[in-house]
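TrEMBL has this to say about the protein:
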{"type": "DOMAIN", "residues": "8-101", "note": "domain 'BOD1/SHG1'"}
{"type": "REGION", "residues": "123-160", "note": "region 'Disordered'"}
{"type": "COMPBIAS", "residues": "135-144", "note": "compositional bias 'Basic and acidic residues'"}
Amino acid sequence: MPAQTPTQLVDEFKKSGEFDRLRRDLLTSFRNGQGMSTLVGRVEEITKKKLASEEKLQHTAEALAVRELMQELERYPLVDRAIEEVPALTDPSFSASLRQHLGYILHGERDALESIRISGNATASPDARMLGGTDDQRAQDHVPSHTQNGLDALPTVMDG
């Protein structure tokens, strides 16, 4: 049955396993890319600067020092900048794949979603699997025309 409400769409998306797959693949992409080392480097830089400017932190209880350091780190948009460095999030085929899966859920086409996931994962490279296709196909190739036209109103991944 097609999803009728945003809540149903989210629930069906999670039930399909696609949410967990995307989460795992994006985390792996982040960890294996430049973003992780940049984030860790920036955290170390900010932490060292704070410890150098407030030497008393080095002699306080660990829990208190951690709390102070966490407050200092929260002042910076570290996570936002790290997310911007995940290449898959700016790749048009990632957005197309996400739209494709949401379209199938919106139109109750669970069988089509399952067959694409099975065929897409069987022969795809890790990068192609993350984007929901195989190495020699784009995500839009599988979207029926009625689904493509009906997704124009869906926000893109990058919309705020």
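For all residues, glycine too, the Cβ spot is worked out from N, Cα and C.
Keep in mind that what you see is a predicted model, and the values were worked out from it rather than measured.
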Fill in the blank from the handout: Grouping DSSP H, G, I as helix and E, B as strand, the residues of the domain 'BOD1/SHG1' (8-101) number 82 helix, 0 strand, 12 coil
Fill in the blank from the handout: When pLDDT is averaged across the domain 'BOD1/SHG1' (8-101), the result is 89
